[in-house]
Each structure stands twice: as structure tokens, then as C-alpha cells.
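Undergrad: Below you'll find the structure I mean.
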């Protein structure tokens, strides 16, 4: 058992803090005075600085300190946050990530530039003037504060001296450290904190500002805040009884138990979520931490591999048991089969992560795109609790970036154009996710101008992608935008228009064994749906034999199995079509495709597979049956073999290749198109 | 870090004595106190200390008192150590005993 590298642990925590900072900043853009978000950003910056310094990330700590200071002023109401400040801190946040990931790289030039930007943004705040005064005048109160921090506060990156400094910032302060709990040296855990403090501070600030000093540790610490001398304060209520003013020590203490300060809000006007995600996002982080265990992703992958091996071994056991008359062996085999199936299902659930982790990053993208294009964009996310295999999530990120960029650049109009078209100034981009029959469907929808069919068609004709005047459905025309190098953009922008990107989307989705559907209506917008299998690790497969080799067809793609009679086979020679309920379905003889050199079985089978509305038949010699298929990647040497998407190990230890359904359907459709052209 | 002088040991605290290396510093000071009757702590090289270090020194004082040993500073706290003492609230209501230990003064 190895202990986690503390630096790696910090990096993981820093990544979460950076995400929290980014979310807070983006939420703030919708309400620049949202105190919860201001606190969340400040808290994140403060913790990142403290933890960074503790783990030796000095450049990070020094850089973050400046952003923290700026947000501290916002938090204290000295200045009001502006879009400019938020944009600078967002950029600074990206730089902080670089400082975390590559602490030894050269960062000075970027740090200097960003700090200059930050300085300018803060100067602008100063010129704009302070935030409206909350109180009518400086009424000072003497507060007595007793507090003790959690024992592990220092080890967790909290700097008690920083808290004391903040109390001093509130006004004249007398601080006494209580050392009575410090044990003798031989009983001391040196990173633990045994000191508590008694503080008296005279300030015009309200009690909430004192509580704000302890905002990060409030939930775990002990604190008493007592107003000792309220005589200096002009109470809105009738004047206090004279004896209270005369004898402050006897004044009724205003002692309040600490209350949870971390209340993340989900009320972000422009990022709506109709699912329960928003509610769960509002849960205090501590609660989540208490209910979950952090496991490195590679350990999950390792466990998945083991489960895969177990499934293969179980498959072998089933074969052996099948050939053996021993009833007890068969019973054990069935038990193992059931248990390994349950284990596999449990494992699948462990690998699932909510799509919110994917959608979250698009808020920043949309924010940046809005600034770049001058368009007003409202990002709406739906179904963020939908869970998808973590590998799928990782691989979907790039395609979605391309699609969102495309929606913003090509789809949404400028505010002026939208007004002229009678639309709201803010264009909508809706990202949604849902599960349906073993698939996750991710949709990117906008209410922009829609895809111009005629331009797509004209471009495809001029590029030779389609024959002039070829009869194509809308879906077929829209699918052309995924061809390599295809772009109808008249100008190339930083965002899109180079024709690179949409083909990447197609390739990635194909690789995920997914499909893309496009819908578009002129003037109303476009909708692109990505249908992706829920998992990539283990699939239900149909094991078939072609010649001497065995192959797996993903069961989710199988529509039906038919027998190809000798007569039909002979009749279809040269045509390779079968008639299926009054429609012609092209088929591919896998024996020919794989050059098996064997004679066909007298009773061949056709496995009809489909991707969406497109179907193709695969002629095989024998259908062996269903098979739990643990997908193994092809070696680099075989990576370019398009007909296969992977391999699996069968119960007898032999290897079966997994057929790439998308590729085969496309090949079948191409065959059909050629037949049509040939007449 | 340590230099044995029969029953007395002098410890030179390194430039950085904070939460990052407090475990090492703690081990060194404890070892000295276990070994010697009197331990003198030299803070003259210190330029980066934090609360964990001050707490560890206080803990050494507690140990020394209970074990009938002595611990003292080679010279009065100054520079960053003095500044940290102030920030931590060690000096606002300092007792004569603490003043003698930290500042080598009879009274504040």
C-alpha cells in the first residue's frame, strides 16, 4: 500500500479550488453583488494561497495573494466587482493552474502582465469609487472574540496569523494568545494547533465582518463573539438602559453560536438547470466529502481491468462446465457468472460520473466567446446529473468545444441582427444530457439562424463531395458539415471557419461508437444530438463465426438475424441486397471482406445492424451467441484498421476482433450509393 | 544542527522554521532536551518562522519545566521572530516570565 504523494494531493485539491473559483467568478458575472459568490471566490483564492505556500508552491502563493487582496476589498464592500475585474481574475485563474501544474516553468512574464492588468482593474475600481456605504456613519463597538481553530488547521493550510492580521484590519485590537493547552514537547504533534486566542477589537464594522474573517473555518472552529461596549454604537432602537452603559462588563453578552457561512447559491439567472443538479450543487462541500471517498482514476481503471479479466475467466469456466457433466461444477459456474455479472454492473456504476463535470467547463468557454464576439449569450444546461462513463466524458470534451464554438460563431447572430429579426438580444445555447436505452444523448441546441442548407449543398457540390443535383435528404445534407475541411464560413475567425473541427467531432463520436444527428430550421436555430454508448469498457456482444475466425458485433447495434438461403444468395450475386419487409438492405459478405478463403456454410446468416436510420446486413457463417465482451484496445500497429474497433479474449483464450459498426454501416451505404449510381 | 557541550546543548535553528519542516525541528529540539540538562536555542539565522515554530518553542518550555531542565534563547527575539510573536498575540499581555524568555527583559 503506497501513500499518496502530498504534492499530488495538493494538485488535486488545487484543481478543485480553481474550479470553485472559476464557477464563482462566472456566477458573479450575472450578479456582481452576489455576496455568496464573492465569498466563494475569496475563500477559494485564500485557501489556494495558503495551501500553495504550505506545499512549497511559492510562486503560486505570491501570485494568488494579489487576486485575493483584490477580492478581499470587494468582500469588505470597499469596492464593487466589475466585469473587467472578473475577466482579469479569470485569466489569472488560468495562470494559477499553470503555476500548479508546472511550478518550475518560467512564468514571470505572464505573472507580471497579469498583475499589471489586475492593478489596472483595481485602480479603475478605486476611481469608480467605493461601494455604497452600508452604515449611516462610523459607530464603533468593542467586541470580545474568543476562538480556537480546529486542531488540524495549520496542517490543512490555514494560517492563524493571517486571521489575526485580518482582525487587526478591522480596528484597534488587543490580542492574547492562550498557550495553556500546549502539551510538553514529547507529547506535541508539531503540525497540530493547540493555541487559542482572546481578542478585543474596536470597530465600526458589523459583526458579520468579524465572522467573515473566519469564513473558511467557521464550521469546524469554536468561536464566541460578544459585544462588550455597545455604548459607542448608535443603536436604532431606544437607548440602552443606563446601567448597561455604565457597567459594560455586566452587559448582556451578544454571544452567537457560529453558523454555517458556506451557502453556495444555485440561483444563477443565465445558467439554469431543470434537473436536481442545482440542488445537489448547493450542498456544503463538507457533507459531500463526508459521504464520498476520493479514488484516483487509475485505480478505477485497474479495478476495471481486473473485472474484465474475471469476466473472461468466468466465460472460460462456463465453457468448461458446459462440456462437463458434473452438476456441482455447473452450479458453481452459474454462481460465478451471476456474481461476476453483478460485480461488472457495480463497477460500471463506479465509473459513471455526472455530465455536470463536463458541462461546467463550458460556462467559461461561453463567457470568453461572448467577450470575443461581442454577442450576448445565455448558456442553459439541462440534465447535468445524467451519468456517463468517465472515459466517455473525457473524450467528449473536445467535440463539445467545437460544437459550442460553432453554435456561437455560425449559429448565433449579433445582438443587432437578432433585434432586427425580432428575437431577444441574448442568444441561447442549450446543452442538455439524458439517458435512453443504453445510450446517453447529449444535445447542443441554439436559437440562432440555423444551418443554410443551400450553402452547405453548394459548397459540397463545388468541393466534389456530392454530385450536382444529387437527391439528398436534409439529414444527409447536414451530415456533410462533418466532412474533413468542410466550411461554409465566409471569413475565418479565431473560433471557427477553417473547416477543421467538425470532422474531429465526427471522428471522435465514431470512435466512441456513437452517432450524430442534426436538425436545423432557418431562423430558428440548430440542434445537434450526440448519441453515445454509456460505457466503453464492457459491452454485450453477439459472437459470430466467419470462416475459421470469430468476431463480436456490439449487440446494441444488432436489429435482427436472418437466414440467407442459398437461393437468395445466388439471386443477390452482384447486387448484395436483401429484401427486408419491402425495403432493400445492402449486405456485406464478411467472408469476402476478410478474405477467409473458405467455402461458405450452406446456411449462412445475415446479422442486420444499424446506426440510427441506416442499416446494413453482415453475412456470417454462424451465429454462436451472446457474449460479455471486455473491450481491449487494438495495438498501435492495428490502430488504422478501420473495420475493427477493438478486440476481446474469449473463454478458451483465443482472440476475437470486435467489428466497427459505424464503419461497416458506412461501407454498406457507400455500396448502396454506388449501386444506385450504376443504375 | 546540534552541538553537544557536556550537559548543555546549543541548537542553531535554520533560516526556515515553519510548518513545512516543523517535524524536523521538533525532533531535533526534543532530542536535545532528552540528551542535555540545558538547551540553548539560537534563532539568529531565522528569517522565516510561523506559528508552528513559536508553539514548538513554547512546548519545549513546558517540557523543560516538567523535566527540571532549562531551555533558553541565545539572544532576545528580534526580526521576523519578534514580528511573528507580535502577530500571534504573544506580546500584547506578556507575562514577566515570558518577557524574560523571549525578550530577555524583566518587564515590558
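Placement of Cβ uses the backbone N, Cα and C atoms for every residue, glycine included.
These numbers come from a predicted model, not from an experiment.
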Undergrad: If TrEMBL is the reference, give me the range from A:252-272, A:273-293, A:294-314 marked as region 'Disordered'.
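TA: Going through A:252-272, A:273-293, A:294-314 one by one, TrEMBL gives region 'Disordered' for A:273-293.
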Undergrad: Per-residue pLDDT averaged over the domain 'CheW-like' (A:538-670) comes to what?
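TA: Here the mean pLDDT over the domain 'CheW-like' (A:538-670) amounts to 82.
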Undergrad: Within the domain 'HPt' (A:1-103), count helix residues (DSSP H, G, I), strand residues (E, B) and coil residues, in that order.
TA: 80 helix, 0 strand, 23 coil
Undergrad: With every protein chain in view, what's the tally of Cβ atoms within 10 Å of the Cβ of residue A:46 (phosphohistidine), excluding that atom itself?
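TA: There are 25 of them.
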